[in-house]
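These features come from Swiss-Prot:
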DOMAIN    32-207  domain 'BPL/LPL catalytic'
BINDING   71, 72, 73, 74, 75, 76, 77, 78, 138, 139, 140, 151, 152, 153  substrate binding site
SITE      135  site 'Lowers pKa of active site Cys'
ACT_SITE  169  active site, acyl-thioester intermediate
């Protein structure tokens, strides 16, 4: 059993579509002996439209690709300078439900930002994490065969202007903020390390393997 083993993959900057496909493939082929994994990645510019997504929230996507995906939620933007943390966990083995995993993700963000004296918080009616009514992180998950994929997006040091082309997560006029502006993590390496540190505690992982990329590539 791989209950307390965690693999953390640093994937660098990647196009969205191949990583989404790899998440699905991993989830479809894993078994009860597969270790849980965290994937840290930075995406090329893309809008992703969740399963509940409505086209009216895509105001003016322009030259940025729009991809309809299988996570929950509405439309959001991913791009350079934003830290993605994908959580490929066997929820049945962890004995948690999707709601508890959402709470874990929110707490990882809140706890890592608290180390910089940033007071972040979650909202019951609007998933994600906020600072002074501005959104700093988005969440979206899918569970298949009792296992999760997708995860969180933390705004770190990025061009926030593409968010003006959409209603982020379906909320018109939602203001976005990033850690750089708040004297938090200034780069993805620092931001990602903080998120992973807090998730390791929640998983009670005793064997953590850090690696870059995928095997056989």
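Placed from the backbone N, Cα and C atoms, the Cβ positions cover glycine too.
The model shown is predicted, which means the values in this text are computed figures rather than measured ones.
Figure note: comparing Cβ neighbours within 10 Å for the recorded positions 75, 169, the maximum is reached by 75. In this structure, the C-alpha atom of residue 73 (substrate binding site) lies 7 angstrom from that of the residue listed as 'active site, acyl-thioester intermediate'. The average pLDDT for the domain 'BPL/LPL catalytic' (32-207) in the predicted structure is 95. Maximum C-alpha to C-alpha distance over the listed substrate-binding residues 71, 72, 73, 74, 75, 76, 77, 78, 138, 139, 140, 151, 152, 153 is 16 Å. Under the DSSP three-state reduction, residue 71 (substrate binding site) is assigned to coil, being neither helix nor strand.
Taking only the Cα positions, the spacing between residue 169 (active site, acyl-thioester intermediate) and residue 138 (substrate binding site) is 8 angstrom.
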